[in-house]
């Protein structure tokens, strides 16, 4: 009795046997989803928009200024977070029943930190792409220079070979 390692392919694979000769034999892929959709019970949207803290029900701890100094605000929130964690340690030692308020404040600070960091992601992605493209340009220039150098070496070797052959 022989057993197969893999199960047999589904019967509809025969519908696409001539795909290499005729690309129209396969059905077109479904169009991309636009708007909202449900996946594993969660509602998602295809729009890449960062919801505001107010929409999420979180108080905003930094100014709503359009010219926000991200570095300054991140440092400020980080210092505030450190202070609240130390206060939480004091509360847990002295008044353990009041820890819930401190946990809520720490959670709010973390959410503000993450919101600020997430708002920087498009800038970081753009800077990363610029860096990658600059590296690619540099590598291509280096490759061109390497090809030119090797071509000159090959031409020199050919000239030497012609001189040697002509001298004999």
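For all residues, glycine too, the Cβ spot is worked out from N, Cα and C.
Remember, predicted model here, so these are calculated numbers, not experimental data.
For 64-92 (among others), the entry in Swiss-Prot reads coiled coil, with the evidence type sequence analysis.
The feature coiled coil is assigned by Swiss-Prot to 132-162 (among others). The predicted model assigns the coiled coil (132-162) a mean pLDDT of 97.
Taken from Swiss-Prot, the feature compositional bias 'Pro residues' applies to 1-12.
Positions annotated as region 'Disordered' by Swiss-Prot: 1-33. Sorting the region 'Disordered' (1-33) by DSSP state (H, G, I as helix; E, B as strand; all else coil) yields 9 helix, 0 strand, 24 coil.
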